[in-house]
Each structure stands twice: as C-alpha cells, then as structure tokens.
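According to Swiss-Prot, the active site, proton acceptor annotation covers Asp252. Annotated ATP binding site per Swiss-Prot: Gly90, Gly92, Arg93, Lys113, Asp125, Gly126, Arg176, Arg183, Asp262, in sequence order. Annotation comment: Swiss-Prot describes Asn253, Asp262 as Mg(2+) binding site.
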Amino acid sequence: MKALDQLSFDNRFARLGDAFSTQVLPEPIAEPRLVVASESAMALLDLDPAHAELPVFAELFSGHKLWEEADPRAMVYSGHQFGSYNPRLGDGRGLLLAEVLNDAGEHWDLHLKGAGQTPYSRMGDGRAVLRSSIREFLASEALHALGIPTSRALCVIGSSTPVWRETRESAAMLTRLAQSHVRFGHFEYFYYTKQPEQQRVLIDHVLEQHYPECRDAEQPYLAMFRTIVERNAELIARWQAYGFCHGVMNTDNMSILGITFDFGPYAFLDDFDANFICNHSDDRGRYSYANQVPIAHWNLSALAQALTTVIEVEPLKETLGLFLPLYQAHYLDLMRRRLGLTTAEEDDMALVERLLQCMQRGGVDYSLFFRKLGEQPAADALKVVRDDFIDLAAFDAWGADYLARCDREPGNAEGRRERMHAVNPLYVLRNYLAQKAIEAAEAGDYSEVRRLHQVLSHPFEEQPGMQAYAERPPEWGKHLEISCSS
C-alpha cells in the first residue's frame with residue numbers, strides 16, 4: 001500500500017486542452033476534518049487506509065494542499081435537463097483534480113465536489129453541503145456493494161465554513177472516483193456549438209482510453225456506441241431490479257461508461273410503487289421509477305444525435321433499437337435470481353409482473369419481501385409474506401404458480417436459500433437511515449455515518465447487532481422529501 005505522496009499521476013483529460021476544461025484552483029474550506037472514508041475505494045488507488053486519519057489527508061481533499069502533479073480542471077458540457085436543452089452547464093462546483101494511475105494500470109479520476117466557484121457556477125457559490133455529500137458517499141458505496149455499476153466515493157471532508165441554502169448549513173467536500181467523468185452532455189456541447197474537430201478529439205479520447213476493444217471493429221465509433229447502449233441496458237436493469245430511483249436522469253448526469261453518476265434526490269423503494277417519484281421537484285414524474293427505462297432510451301437517443309457527425313443515422317437507430325430487448329433480458333435474469341430460479345421458462349416475465357401488481361396493491365416492502373421469501377422453503381416462506389398483502393386471492397394464485405415453478409427447479413431448499421441470500425440484500429440504504437446519520441453528523445457525531453457505511457458495505461450478510469438497519473421503515477421515514485438542493 002502507498003502513502004499519499006507516493007501516488008502516480010497521468011492527467012489524460014487535462015492534456016486535451018482548454019477547449020474541454022478550464023484550469024481552476026480549489027477554494028479551501030475552513031477547519032477540514034474527516035467525516036468518513038471508504039477503505040475499498042482507497043484500495044483502488046493503492047492507498048493505505050490508515051492514512052485517512054492523517055491531517056494531510058483532510059488537507060489534500062479539502063483544497064488546502066495539492067499534489068505537484070495535480071492539474072485541477074472544471075469540465076465544460078451541456079445537456080438536456082427535464083427534457084429541455086441547456087446549452088452551457090459544466091462543473092459548477094466540482095474539479096477534476098488529477099488522474100491517478102494505480103499499480104494495476106488503471107486510471108482513476110480524483111474529482112473534488114464542492115471545491116468552490118468555477119466559470120460554470122451560474123450564480124452558485126460552488127459549494128456542497130454536508131448532507132448532500134454524505135448522501136452521495138453512502139449511495140456510491142451502497143450501490144457498489146450491491147453490484148450496481150457506479151462511481152465511487154473516496155471520502156467526505158467536513159468543515160466550519162457556513163453556506164446558505166434554505167437555512168444555514170456547513171460546507172463539505174466529497175472526493176469522487178471514476179475511470180472517466182465524461183458525460184453524454186460533453187458530446188452534446190460540441191455538437192450543438194458546432195465544433196466538429198473538438199468533438200472528434202473527444203470521441204477518439206473516449207474510444208482510445210475507455211473502449212479500446214472497439215478500436216479494431218469495422219466501424220469503431222458505432223461499436224463504441226453499441227457498447228454504451230449495452231452497458232446502459234444492464235445498468236438500468238439493475239436499478240429496476242433492486243428498486244433504485246436516481247431522481248435526476250438529465251443527460252449531463254449520464255456517464256459515458258454506463259455507471260450510476262451524480263447522486264441527488266435518489267431513493268430506494270420502500271413499499272413497492274411503480275410510479276414512485278423520489279425528487280419532489282419532479283412535478284410531472286418524468287424521472288419516476290417506472291419511467292427510468294424509457295428515459296434511459298431517450299437519453300441514449302440524445303447521445304446518438306450528438307454522434308451523427310461521425311456515425312450514419314440508420315446504424316445509430318438500429319443500435320438504439322437494441323436497448324429495450326437487452327434491458328428486458330438483463331432485468332428478467334436478475335428477477336429470476338431474486339426469486340431463486342436458475343432455469344428459464346416462457347412465462348417467467350408474467351410471473352414477475354403479477355407479483356409486482358400484487359405488491360403495488362398491498363404496499364409491500366420491496367426489499368424485505370425478497371429477503372423473507374428466501375429465508376425458508378418456498379411453501380413456508382409464502383405463508384410468512386402473505387400477511388403483507390391486501391389482495392390475498394391474487395397473491396394466493398400467484399403463490400400457487402410460484403410453488404409449481406419452484407418444483408420444476410433443480411436442487412434443494414438449502415441451495416435455494418443460499419442463492420437467494422446472495423442476491424437479496426438484508427440491508428438497503430433507506431432515506432430515513434441516511435437522514436438519521438446526517439442529523440448526527442451535522443451535530444458533530446460522525447459515528448453513525450461510519451456505522452451505516454460499514455453495514456451497507458456487506459448488504460447480503462447478516463451482521464450481529466445490526467437488526468435495526470434491516471427493519472421496515474417507520475411511516476414518517478417513507479415520505480421524506482428530497483430535492484436537488486445541495
């Protein structure tokens with residue numbers, strides 16, 4: 001493992017030039033202190049986790065110190081926000097500090113969120129508050145533990161710097177890790193500003209650095225776009241299967257790598273509700289749970305439009321047409337596994353849809369249902385979960401078909417239990433748990449944030465003394481309103 005001064009750097013994106021980003025120094029926050037750090041994220045940089053407790057760690061990730069090799073940059077991009085094009089967005093409060101080259105030959109962006117004003121701040125103060133920084137940290141690491149592709153969170157650094165939102169809050173900085181911070185909106189920016197040369201430079205950069213397997217294809221750009229479509233189909237399938245709602249699926253929040261990116265007013269489903277809206281600013285439900293699939297397709301079509309400078313329209317349309325069948329295949333595979341099924345039958349999707357309809361009518365806790373379904377042999381488990389449903393006739397009919405389906409599966413009850421426990425989490429990041437940790441942190445107690453992070457890092461394993469994190473949320477905890485304010 002390495003010390004902080006032993007990291008290797010290779011700032012590839014910064015070398016693209018000033019057309020793609022602006023050099024900006026971070027604005028330090030006062031009295032920086034470590035709130036929480038992720039050991040597994042530190043391992044991506046080969047960093048010794050013990051170094052998180054050193055004063056220099058907080059100084060480096062709060063803007064007080066910089067590595068000599070750092071080249072902090074605010075990236076420029078645009079994007080469609082709630083369906084309307086915004087021609088100039090960019091990093092309004094974040095900086096790409098540097099790219100770390102680890103011992104495995106992987107490049108990891110160090111991105112400092114809440115680093116102060118940039119040319120793209122648009123009247124904002126460039127700061128992030130403690131609560132939003134904690135929420136992004138917890139979500140990044142929780143999704144990673146669930147096997148959902150995501151950016152990672154290295155740490156949150158708190159401070160005594162005041163900032164004003166609805167009330168006075170304290171500023172914080174979150175260090176995000178990703179192998180690229182290029183978004184769909186980067187390509188839209190150069191397309192709509194009619195800068196084809198710069199756009200081709202960006203496309204070649206992404207192809208060379210992030211999709212090298214596509215370079216030797218007959219049409220490398222089209223092969224890259226197809227891979228982006230494939231990755232997004234799998235990503236959204238995982239969101240839907242695990243009940244994750246992003247909340248702000250603007251094209252500037254879509255990663256070119258097909259990972260979960262830019263966490264705001266997200267939520268995991270508590271009671272199953274296909275029409276659930278986690279962002280209280282989303283009056284029309286554009287980014288509701290049910291709409292995430294068509295919105296992902298819409299966003300990919302926006303990316304495709306931006307790529308028409310280098311790819312013919314018809315091949316782009318054909319490739320876009322792959323998204324929905326790919327999504328459906330991934331989603332059905334994940335739901336089979338959540339139900340303990342290892343083989344495929346023609347009526348499996350109908351079985352899943354009928355279950356979700358029963359859940360919708362009964363207000364059934366989405367995550368706990370699957371966990372309880374795997375606790376015992378199928379017939380016994382159905383008796384346990386039956387009490388959670390309202391339409392008992394419909395559930396009993398579903399249960400009979402599910403039992404018959406299980407009877408056609410190979411293996412025994414114990415094997416089924418192990419399979420289901422390996423894919424059905426006991427612990428999920430519920431908004432009320434995050435809120436309790438945030439309130440403690442705002443009062444100066446970081447122990448709950450760290451404890452919750454540790455619990456969520458092992459979501460499938462029962463952890464002694466942590467039963468409170470596996471409970472159904474109280475009524476007040478189901479209706480927390482989360483906005484984009486951060």
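Start at 1 and count along the chain as shown; that gives each residue its number.
Note: Cβ is positioned from N, Cα and C throughout, glycine not excepted.
Here the structure is a predicted model, which means the values were calculated and not measured.
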Widest Cα pair spacing in Å over the listed ATP contacts Gly90, Gly92, Arg93, Lys113, Asp125, Gly126, Arg176, Arg183, Asp262 is 23
Same-chain residues at least 6 apart in sequence with Cβ under 8 Å of the Cβ of Asp252 (active site, proton acceptor), in sequence order, are Tyr77, Ser78, Gly79, His80, Gln81, Asn86, Leu89, Arg183, Phe184, Gly185, Asp262
Arg176 (ATP binding site) and Asn253 (Mg(2+) binding site), compared by Cα position, are separated in whole Å by 14
Residues near Asp125 (ATP binding site) by Cβ (under 8 Å) yet at least 6 apart in sequence within the same chain, in sequence order, are Arg93, Gly116, Gln117, Val163
In three-state DSSP terms, Arg176 (ATP binding site) is classed as strand
Integer Å value for the Cα distance linking Gly90 (ATP binding site) with Asn253 (Mg(2+) binding site) is 11
Note: in the chain of Asn253 (Mg(2+) binding site), residues six or more apart in sequence with C-beta under 8 angstroms of its C-beta are Gly79, Arg183, His246, Phe261, Asp262, Gly264
Here the 10 Å Cβ neighbour count for Asp262 (ATP binding site) comes out at 21
Cβ contacts within 10 Å for Arg93 (ATP binding site), all chains included, total 22
Within 10 angstroms of the C-beta of Arg176 (ATP binding site), the count of other C-beta atoms across all shown chains comes to 24
Cβ atoms other than its own within 10 Å of the Cβ of Gly90 (ATP binding site), all chains, total 22
